[in-house]
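This report refers to the structure that appears directly beneath it.
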Amino acid sequence: MFILLMFVLLLQEILANSRDENLTELNSVLEEPTYSYRAINLPAEHIPYFLHNNRHIAGICKQDSRCPYKVGFYFVLHKYLKKLKSCWGYEKSCKSDYRFSYPVCDYVESGWANDIETAQQIFWKQADFGYIRERLNEMKTHCKPTVTGDSSLTCSQFLQHCRATNLYIDLRTAKRNHERFKEDFFQKGEIGGHCTLDVKAFLAEGQRKSPLQSWFAELQTFTSLNFRPLDDGKCDIVIEKPTYFMKLDAGVNMYHHFCDFVNLYITQHINNSFSTDVNIVMWDTSSYGYGDLFSETWKAFTDYDIIYLKTFDSKRVCFKEAVFSLLPRMRYGLFYNTPLISGCHGTGLFRAFSQHVLHRLNITQEGPKDGKIRVTILARSTDYRKILNQNELVNALKTVSTLEVKVVDYKYKELEFSEQLRITHNSDIFIGMHGAGLTHLLFLPDWAVVFELYNCEDERCYLDLARLRGIHYITWRKRNKVFPQDQGHHPTLGEHPKFTNYSFDVEEFMYLVLLAANHVSQHSKWPFRVKHDEF
């Protein structure tokens, strides 16, 4: 009897434990969101625009009580309460009232436009989300699939950007030398897919064939294959993840390398995907490595290390989804030598890029500070364009109690790039000589001023970049108050203003800095806005 009683008690305990475990599992299932919202990982301001273009995710969010973006039936983001009508601007259904933003034009330049409205539209198409609309409208399928599972190749004009499915690349006979972008790297049959290629139309796209302007050289031998690479076992390696191919500009120069990152961001918009669960393959036909001083930035775009094309040498590789990214030096591209209409500034595209990178790299705004303007001076330790009387200028700034002055030298061996970005993003006035370091202006807060102390007669470079970002720009105005060390000594061109060092009149310098401080204090986004001329 005692044994029977013990058995009954043990059975009850087992059933109770089993019930508790089932309840725990059920609660776990109930608590689990129906979509991995964390993977979206976009700035809060961008979420409504993302959901506008991903209605299936918006639908899941609407039905999911645990969706972090849900604040009502048609609203997202408790912080902004933006309607799902919000759109970047390039979408066909996008109405102008719901665009992310629209540029400002202060005047009309003759030869470009007759009125402000036309000037705004031109600038929007040149350098804002209208630029993406133009690229989307150009997309053409050159290699068409016949049945489900076939390959495809779709490109913008001049093959500046392409998308491929079930792409076949044969690197078994790859021959590498010193050329980073060898034009005859592939022979017929070594790159292609099982699809129907319009050869004549495809080869007509080669008008801008150039290493950093087009993918024509790499794709000109694209072949319509008589086999299905994946189905017929022709692949030594199959890459399942979406893969971005990129031809990179100089990785040691911030200005040039950020042309790569900006164009990758634009490419993501074209493909409506900001996932970091992607591969990025550096397209380089040489046997060299690649020096990259800004490698931390890749974390904004991928969870994985950058792959070199040569990693696949001696293999036949098949990519289920491949994207050939927009390139850094395209004619009329962004932002290298881009011809821009004068008088206009403030693209939503470049502001969104800045927000995107800062968010993904966890760079936060720690200010601004009430009663203080944070001034950062970018020093140079290079041979040329040094500020000879830098200490004198800094001491003058420190006599103004409202200015909080910091001098930095962005040496990559001493200061990680993420820390450089943190300093830049927490500056209200950013001062530096002409040079690639001024590309940091992309990551200044909206109210900031960039002061190119002296442009060395290269007037448009950082002025135009500041216009794209929507940051106020000033530079030295009185030539008789800047003092070059000598005439400059270019290695081959002789006298050159970029190849010497400079001293500056302290009084004029202070006048310009105080003008900049006044602009900051009156900016609409400055939380401690003061009356005109307080500085």
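Note that Cβ sites are derived from N, Cα and C of the backbone, with glycine treated the same way.
Annotated signal peptide per Swiss-Prot: 1-16, in sequence order.
Annotation comment: Swiss-Prot describes Asn22 (among others) as N-linked glycosylation site.
For Asn271 (N-linked glycosylation site), the same-chain residues lying six or more positions away in sequence with a CB closer than 8 A to its CB are Arg163, Val323. Among the features that Swiss-Prot reports, N-linked glycosylation site is placed at Asn271 (among others), with the record citing sequence analysis.
A simple way to gauge crowding: the CB of Asn362 (N-linked glycosylation site) has 10 other CB atoms within 10 angstroms, across all the protein chains here. According to Swiss-Prot, the N-linked glycosylation site annotation covers Asn362 (among others).
Secondary structure at Asn501 (N-linked glycosylation site), taken from DSSP and collapsed to helix, strand or coil, is coil. The feature N-linked glycosylation site is assigned by Swiss-Prot to Asn501 (among others).
Cβ environment of Asn501 (N-linked glycosylation site): Tyr384, Arg385, Lys386, Ile387, Leu388, Pro484, Gln485 lie under 8 Å away, each six or more residues apart in the same chain.
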